[in-house]
Every structure is written in structure tokens, then in C-alpha cells.
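Written below as C-alpha cells is the structure these notes are about.
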Amino acid sequence: MGKEQELLEAARTGNVGLVEKLLSGKKGLLGSGSGSIPLPGLLSMWRGLNVNCVDGSGYTPLHHASLNGHRDVVLKLLQFEASTNVSDSKGCFPLHLAAWRGDVDIVQILIHHGPSHSRVNEQNLEKETALHCAAQYGHSEVVRVLLQELTDPSMRNSRGETPLDLAALYGRLQVVRMLLTAHPNLMSCNTRKHTPLHLAARNGHYATVQVLLEADMDVNTQTEKGSALHEAALFGKMDVVQLLLDSGIDANIRDCQGRTALDILREHPSQKSQQIASLIHDYMMSDCDRGNFHEDLARHRPIPTPRTSIPSPVPSPSLRHKNDAVTGELSKLLNEIKICRDKDCSFEELCQTISSHSQSMESFGSGRLSDEERNGTLTRINKRPTPPLPPALEEEEKSCGPSGLWEALTPCNGCRNLGFSQDKRCVEIAHSPSLDVFLPEDEDNPYESVATAVTRKPCSLDINLHNACPRNGHFSHVSVSDAERGNHGDDSTGLTPDCSPPSPDTALRNIERVIRPQPKQRTSLSSSQDVQKPLQNHSGDPSEVSSSLGYASFSTSPPASPPISPANCSTGSAEDYALTDEATYQKECIERDDRRNSHVPEQFAGLLHGSSPACESPDNPYQLYGKVRKFSVPEPPLRHGNFLRAPEYSPPFPRTGSEASALKTQREVKPQVVYRTIFHTRVNQGPVTFGEQVDKTTGVHARNGEARSNCTGGSSPANSNTGYEERACTLGRMRSMPKNVLDLQLSRNFSKSDSNLVAVSPIEEEQWGSRGQSSPGKSSPSRLERTPSFTAEWEEIDKIMSSIGAGIGTEMEGITEDHPGPRCPVQSVGQWLDNIGLVQYENHLLSNGFDNVQFMGSNVVEDQDLLEIGILNSAHRQRLLQAIRLLPRVRPIGYDGNNPTSVAEWLESLELGDYTKSFLINGYTSMELVKKIWEIELINVLKINLIGHRKRILASLGDRLHEDPPQKPPRAISLREPTGNHTPPQLSPSLSQAYPNAGSLDVQHLIMQADARRRRNDNYFEDVPRSKLERQMAQVSMQGEWCEPITLRPPNEATSSTPVQYWQHHPEKLIFQSCDYEAYYLGSMLVKELRGTESTHDACAKMRSTEQMKKIPTIVLSVSYKGVKFIDATNKNIIAEHEIRNISCAAQDPEDLSTFAYITKDLKSSHHYCHVFTAFDVNLAYEIILTLGQAFEVAYQLALQARKSGHGSSTLPESFDSKPSKPVPKPRGNIRKSMEQPSMDQKGHANVPWIVEPGQEAKRGANTKAMADAHVYYSGIQRM
């Protein structure tokens, strides 16, 4: 057997020469050229080595050579007839080992050479083929060769795994791709235990999961463990979870135990679990929103469905014919307007030209759609019948006076086409499927907007500005509210228009914008995904069509009951709704509450909305300002999508007596119809992705100035009858404002907005409007001039607008100072989140102290705070921050009259009165002390654990000029030396001992004591310490005389065995208080021979070996300069106390750095015991050891100081007395519990000032070797 062992070793090491020498007596089959074998040769073969000999593991020389990659040895062995089909003790063949190694050459040799060829589908004892071995370890070339040799990739091992399963499990991306390419059917060969997707998701192989999903593997494939989401969530693979969610996985799939992925995460609470649960929760909420989007809105508040959700209707041939006819008629009109412009025709001639064409176009509009065509196009879209328009509305609209192209010709600052339809076509068009709700040119009648616009007189409009800026750009919204919607249809039918006539150039440009919208604007329209919530008429169906960049907007709200009485509008009504893409689930109950709060009947809510959007051109930005005066009636603030706006009021515009009389006559003879027009125009829109837009539509909000005029005693005669008053507005007179002034105005608006959302207050509108007229009852002469010379008039208007624009910037700055920011209504955090569509984060905010919207301004809540409390979605955080910027900022102390005189008053102003007792108990008894507080004191001293409350307190304190925070080494504290009592004062007792009835603590008594201390020392606040410990030192310093300061040696000088240069705590912490640590107490061991750290190491090793055999208690180690107290962690009872003088050594266990021990001496028996503890982590054990060393150093320096002062041993601290104050624990954890409280009449020399060497605090966890060496010897204290 010796030679066989040599052969096996030679094959293992690759010694080809030795292999050939050992096998030379055996004639190779492949090398034989002779036909017959002589007898000596046969005898030699009989006596020769067996080439297939095996060792103890069943390996043949070919196994060894294949496993170790010796190609030449493999060839030599095969030449000497080595068999490739001999298995080892585990059933593995040489091919398995070569595939496991990934040696392609040897795999090919084993398959194609030798007397016997390897069988590629051979399985070992675990049912694994060579393909399993190669796939598991990612040997893609071996996999390719085996696949070419027709290896079966569907074979499973004993665990039911295919090669694809193993490749996915271990993230072998290239192998996965090869297997999927060669055998796509492998994805369907799954078991109930696992799939490749589950295995890849479990181990977090992001790329592998992505490849499997790209290969059309079903993302919702289930096993007994649930979906792949279950696996990824359970094993904390956040990126894979996100990938699966992005792929549309069903998060509601349950495993065999009926648990969803969220249920599993709740069973494993950890930070990673919370983060993954937040991702899944956000996904489920958004998925629910997408799934129920149209259904919920159709059920609760019918609005038009998005354009992309349905196919565009195909116009019928009759419609095309009508469209062509209208196109021809409009072309003629444009040509004649050009001729009028070239000839400089008068305004009257231009009106005649327009009127003649408007009548012909009106005929096309009246017969635009037959009933059958309507059913085939618009009605087919929403499948809801259109309610018939009330006869009163039809009659009113047919008697609306002379027609004219005012809406198209009036230079209304970008409003392309304003007006009304003449019949119920207006209501029917509201069912258009587009988001901006008007059909494009290839649907129905593209020119209806012009046909209806030329048949109506212009409406008196009130215009105000409000801006909304999405993240992807800025645009300005100008609200245009119909001032006559409350007049019940009493339009003035005089021929004189309310606004000055435009020039032919302006009229031509406006008409061209209507009928020839820019292609770029069409793209912007189709790409926007705004969701506009229309108001409802009395029948509950929407009757609004908003427009965008060239498309018309109509809205009618026929009345269903008598006009609103003045009593019902005592406080006004203001609602401003705009739905963002993720806020579609706002509750109807909130809407009803808002209506109830505004004292407006619900059925009339739609009549009080008059939204007006930004009428602004993308190429020439400018603004409109209405003539608005602030009203005296209070009004609730408005909700506007993602932000809150200040209330706006529209007071009545007085008219002359003749106008009022004419209006009164009309009211007596005409039926009263209330209607409104809503114009929506968007500016500078870009493509917006779902979930990233911020309120791109201007919501509807009620102006209702006419109704309020009667409530407050309007002066017009018309008020006495109906309570409604008409107003006039020179719509469009701002068009010629110099562009430089307008650009300056816009730049100021946007540059001063932290939140990119600008809300203009009514005061600004009042001031802007008042500059355009000398008095409320008079208009300047230029307003009423009607001259044929348009150039002269517009030049005069330019001068007026220039004078107005010159002071806009300064006015806005002044107003901004008076009104620092929009105020928010009194509402809960849940309501506020509901308004911005992120109600799912209510618990996140409330549980972390962000529980009051009045104290959640931008100086309190930051992006990092939102991230820390678990809001991981960056888009949601940005939306929250944008809404937070509109909340009121917390006013710092001393700002704007905010000067609280006491701590209690200050905390009550922050609605944090519950912390008053904690502040006073810990010495913060005045605002002077509070102003110097740091966040670390809020956490460690005051125990304010809620980050929202801490941020609220710090924001209230404002930007303070402080020294370095207290966590750094403090400055040298020079305490005064008042004369008087030479006896050192007592140490400050613990709070529970000093105030036994802390639950009913007299707060006023504490304040009186603090005041008395201040009266005893007039210089109390000259050098007020920053921390509670320093304040206690200041209190002690007023009662005794001190010796010279002392200096603590750094750790590396106090003992040579540690390289640490800085202590862990400030010395006063160990004198006036204690450092408390929780740890597991493993027990104690009798130390027969004191050998320093070797004794602690032995005890740690022994305790570790037995810690599994008993119940390990949790204790609190309270370390001070006196020693270490054992405190039961459950009931907080003091079990025992080890004096500092009796502790001789403390060290960490070199084998387990989280285990540490220290040796104490029992004075009664004079025996030493080693007490062993296990900390929760290595860093904590390191800190405890270092704190013990610092406690010894403080006690040592205090003892030296006492000896130098001449007090002798009688004045040494209590820890150096001869008798122990507490029993010492017995060996092996037999600890006696004692309820005896420590004596409070102890004498000590803790009342000594000191100077700490400047430097940084010790750094933890940096070097485990340093930690192991961070033990401290406590010797010499007994020799003093």
C-alpha cells in the first residue's frame, strides 16, 4: 500500500514524473501501439499499482488531480486507464470536483478522453450533478460546456433545487442568464418550497431579481412562504423590496400562515424592519390610490377622468363638415380684421365686422351636435346621462344682450377665450375625458370656444394674484373671479363695454391664440396630470370645463333654491380646493365641516366658489391686480391644495345712481339665475410625473363680495333688495405694463419665497388696486375715454402702469414685514396631513413630538428630522417640507414682544407645560438659565426624549451666542470664595431623597428657594454655568470656603497600562451625581491569589462557561467617586455598594471585550472577590472601565487635596472611612438585598473646584486592542 499512497500524493501535488514512474510498469491503453501483450508484461500488470486506488475519503488519484487542477496528471492517469466513473464516499465523481473547481479544460478532458467517458448527469449522494456544482459557484464557462453536452438543467438535488435555483440563491448573475437563455422553461419548474425569484430576493441579489423579472418571471409567484416580497422583507433586503414594489408586486399576498409581508415585519421590530414596512405601506397606499382613483372620485365627487385613461372619440363626418365650415368662417374673419388693421379702421367698423361673422358662427354652434352624435362621443365617454339645464338658465342666456367678441378681443393678460355656451352644450362638455377637460382640435368641434366667445358680452371680473410653484418650474396663477355670479343673471345690457376696447393687433393675436394653439402647448397639456375638482351644481353633476394654454373654460351653476340671505353669510364663505395627484382621498366629512364652519348651506356651496387661475403667457409674464379693499368681516383661512392661503375679500364696487336704477329694474322683471365663469390657464408647464406635481391647478375659492356687501351695510341702493352688487373691472389694462417692471415684480415674488409658493394677501391687493383709482367712487378720466386712436390710449395706459409698477416691490416688502408668513388655522396634525394628502404619516409625527401644527414651522422641522422619524420617501418629505414652510415659525424669545417672565409661562406658550416640574427640579428656575440650555441637557438632564418637543424648545430659544456646548471639556470654572462658614457643605442628595414627595412637589417653593439663593449672592448670574452640574457647584460655592483648584491627570498618566488620553466624563458628574450603566451580572468568584488582570481574566473565563446554566439578572452599576452601587434594574433597590478604596483592579476580558470584571476586598473577611459583568456591547464595557478609572482618579485627587488642606483623616470623603456602608456580595452571585438608604450626613471634599486639562472626550470603539488594554489598576489608595 505504500506505492498507492505515493501515487495518491503525487496526483494531489501534481507530480507528473512520479505518477508516470509509479505507473510505468503498467502499459497505457492510449499509448500502446503493439497488438499483443507478452507474458512478462501481464505479470507486471498483475503485480503493478492499481491506478484507481482510493484513500480514506474514497478519492482516486483522478479525483485528487481533478480537484487540484492538475491537467497533465489527469491526462497521464487517463493514459493509464484511470476510470472517470468511480465515486468517492460522498458519491462525487471527478467531474463533480472539476466542475466545483471551475476548471473548463479538465471538465472537457474528463468528458472526451480516457477509456471511460464521464456521464454528465451523474448525481452524488445529495442528488447534485456537475451542473449544480458549477452553477452554485458561478463557473459560467463550465456551465456553458455542460449545457453543450446536453446536461439536464431541470434535475433537482435532495433539497429540491435546480442549478438555476442555486445560481439565483448565490447571485451568480451570468449563470442565471445562461440558464434562462438555454432553457426558458426553467422558470415554470417551481416547487411549493421555493423559486429562483424567492431565493434571489432572500439573499438580496438585486441584479439577479431584475434579470428574472426581465425574463418574464411572474413577480407574484407564490410558495408556502408567500411571495418574493415576504422573503426580501423578512431578511431585510430593502433594495430588493423596492425593486419588487416597482415591478408591481401584490403586497397583500399571504403565506401559508395567512400573514402578509407587513405582518411578518411587525413580528421582527427593528430599524430596518420599520424602514421596509414604511416602503411597503407607502406602496400599498399609492396602489390603493391608483386602483380606486376613478371609482372613488366618481362615487364621491364626480370629476372628469384623465385623458390618458380612454381613447379619443372619433368625430363623425357631419362634425368634420361643420368644423371645416367654421374654419372657413374664422379664416374670413381673420382676413377682414387684418384689412381693418391695415386701413386703421375705427372701432365701430371693427365691431360691425365681428358681429356679422359672429352670427354666422353662432349658427354652427347651435347645431354643433345632434343627440345621436352626443351619445356617440361625449356621453360614451363617461356613461352618465347629462342633466337637462333648467329653463331659467336657458332663458337667461338667450336674453343676454348684444353679442360681441369681447372675450377674444379684450387684452385680458393671456386669457384666450372667455365666455359661455348658449345652451346645455356647456354642461355636456364637462364630461370630456381630458384632465384639462376640453377636447383637442380633432375631437368634436374645436372652435366652439370661439363660437361661444363671440356671442357674449364680457363679464365683470375681479382679478387677484396667487402663485403656486411646482418643483419642476415656476408659474404664476392669477385668480379671475366672476364678480356677477351672485347677481342672478342681471347683466347690464348697455352697449358700452366695461373695459376699454383693444387695438386690432391685440384682437388678432387673441383670436389666433384661440383657434391656433401652439404645438408646444398641446404637448404640455397632454403631459400634465392635474386633477381638477370641479364644483357641483344642484343636481350633483359637474358643470365646469377648465382650460389650459389655449383651450376654453366654462362653468355654470344653475340655482336650485332662492338666493342666499344676508343672514347666512354673516362670516362669509371661502373655500379653495385643489386636488393634488396623491390627495384624491380627502374625506367628504372635511368638506362638510368646512361648509358648516363658513355658515353656508351645502346646496349653495358651489355658488360661492370662483376660482381664477394664472392668466399669463409663457413668453411674456405679467400680472393682474384687482381693485380690492380689505373687508371688515372675518373669514376663515382658505385651503388651497398643498398650502394655506390668507383670506381674500371682494367688496362691492360702487356704481352710479343710474346704473343701480337700471339694475334694479332688471331684477324686477327677469328671473334670477346665478352662474359663474371659471378660467384656468397654466403657464410654463413641463412634463410632470405622477406623484411629483404640487398643485398645478388653481383651486376654486369663494369671493362673494356682493353677498357680503349687504351683511356689512353696503351703500348702494341695490343692496337693499337682494344683497348683491355688481362691480366693474378694466380687465386687461395691465397688458402694456413695461416688461422690466413686471420681470422685477415676478423675480421679487419668487426670490423671497422659501417654499416656492407665494400667497398674496388682501392688503396687497387693496394697495395695488387703490393706486389705479383716486377714490372708491370715482374712476380716473382715462378709464372712460373712448377714442379712435388706440395708440394714444395705450401710451397713456403705459405711463399709468409704469407708475404703478414702480412701487410694487417696495409695497410688497413692506407688507411682508407686517405679515411675516401665512398663518394656519387651528387644526390637528391629522387634518393638516389630510389636506396635503400624506395622512399615512400621522403616527410618525405624533409619536415623535411633532403634535401641534402651530409649532411645526420651518425653524422646527427639517429634512433630517423627517428622515430620522421614518419618512423615507424623498418626494413625500419634500411635499411635507413645502407645506411646513407655510406653517407659522416658532417665535424666538425676545422677538415681537415675546418675553415670558417665567419658565412656566414660557413652556405654556409652547404648549409644553408638562415639562415645567422637570425644569424646576433640575435647577432651570429662570429664563436666564433656560436661555443657556443645550440640546444635550434636554436629552440627558431633562429627559425630553421626543425630538419634536426638543426642536420646539430650541427654536423658541432662537439663535443664541453661546460658548462651546457642554459635551466638550468645560472651561476653567473660577468660583468665588465667600467668607463665612469654613465647614464644607453637604453633597447634593439625589432627587428622590431630597424630595420624598416629588409627585406633589411645590413648584413655587422651588422658585422661592432659587430667588433666595440669588439674594444671598448678588453676583449669582455673573458667571452662570451652562449645565446642571455646574449650577450645583455654584450653589455649593456660596456656602463654604475652597482650597486651591486641583487637576485631574489624564488616563495614560494615571496608569501606565492604558493608552487613552482623555477621560469619559466631566469630574463634577462623578462628584455631584453618578454615571449609571445597565449590565448583566454573571456572578463573583473568590480570588485566592491576587494577580491583577490575570485574576479578572480567570474569573471572566469561568463565569462565561457557566453563564448559560443560570438565570442572569440585569443590574444598574451606579459609578461615582465614592464607589459602585449595585441597583436592581427591576425595582431600583440598592443591593450593595463597593467603596472605591476597596476596588483594586478592573479590566475587560481579552476573549470577549463586552465582558468586564473588577476585584473588591471584603474588609470583614479580608478576602478578594472578582465580580464579572457583561455589557450590552463592547463600547459600553469600555466606557464602564474607563469611568471606574476616572472615579478612582477623582477620589484620589480629592484625598490629596484634603491632606494638603490640613484637615487630616477626619475630613476624608466617606469612601475612605474604615467601615463599609453596604454589605459586600458573596461569591457566585449570592447578593444580599438591603433596603437601607445611604446615610446623608456624610462629610466629604467634593466641594472643591478643579481645572480639567483641555482636550476632547475619549473616543470609543476605535481600536479593540486599545479596549482590551484599557484596564486600570487601583492601587496606592490603601497606602495613603
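Heads up, the Cβ atoms here are built off N, Cα and C, so glycines get one too.
If you look up Swiss-Prot, you'll see 520-550 (among others) marked as compositional bias 'Polar residues'.
Per Swiss-Prot, the feature compositional bias 'Polar residues' maps to 707-723 (among others).
The feature compositional bias 'Polar residues' is assigned by Swiss-Prot to 770-782 (among others).
Taken from Swiss-Prot, the feature compositional bias 'Polar residues' covers 980-994 (among others).
Helix, strand and coil counts under DSSP for the domain 'SAM 1' (824-890) come to 36 helix, 0 strand, 31 coil. Swiss-Prot lists 824-890 with the feature domain 'SAM 1'.
Across the domain 'SAM 2' (898-963), the DSSP tally of helix, strand and coil residues reads 37 helix, 0 strand, 29 coil. The feature domain 'SAM 2' is assigned by Swiss-Prot to 898-963, with sequence analysis given as support.
This prediction places the mean pLDDT of the repeat 'ANK 1' (2-31) at 78. Marked as repeat 'ANK 1' by Swiss-Prot: 2-31.
What Swiss-Prot lists as repeat 'ANK 2' is 57-86. Within the chain carrying the repeat 'ANK 2' (57-86), a Cβ under 8 angstroms from the stretch's Cβ atoms is held by residues 7-8, 10-16, 19-20, 23, 26, 28-31, 51, 92-95, 97-98, 100-101, 103, 105-106, 109-110, 113-119, 122, all 6 or more beyond its ends.
The repeat 'ANK 3' feature in Swiss-Prot is assigned to 90-119. For the repeat 'ANK 3' (90-119), the number of residues in each DSSP class (helix H, G, I; strand E, B; coil) is 17 helix, 0 strand, 13 coil.
Taken from Swiss-Prot, the feature repeat 'ANK 4' applies to 126-155.
What Swiss-Prot lists as repeat 'ANK 5' is 159-188. According to DSSP, the repeat 'ANK 5' (159-188) comprises 22 helix, 0 strand, 8 coil.
Annotated repeat 'ANK 6' per Swiss-Prot: 192-221, in sequence order. Outside the repeat 'ANK 6' (192-221), and at least 6 residues removed from its termini, the chain residues within Cβ reach (under 8 Å) are 160-161, 164-165, 167-173, 176-177, 180, 184, 186, 227-229, 231-232, 234-237, 239-240, 243-244, 247-250, 253.
With a cut-off of 8 Å between Cβ atoms, the residues of this chain six or more beyond the repeat 'ANK 7' (224-253) that come close are 192-195, 197-206, 209-210, 213, 259-262, 264-265, 268, 270, 272-273, 275-277, 279-280, 283-284, 287. Annotated repeat 'ANK 7' per Swiss-Prot: 224-253, in sequence order.
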Near the repeat 'ANK 5' (159-188), which same-chain residues lie under 8 Å Cβ to Cβ, leaving out any that are not at least 6 residues past its ends?
126, 129, 131-132, 134-140, 143-144, 147, 153, 194-197, 199-200, 202-203, 205, 207-208, 211-212, 215-217
Residue distribution over DSSP helix, strand and coil in the repeat 'ANK 7' (224-253):
16 helix, 1 strand, 13 coil
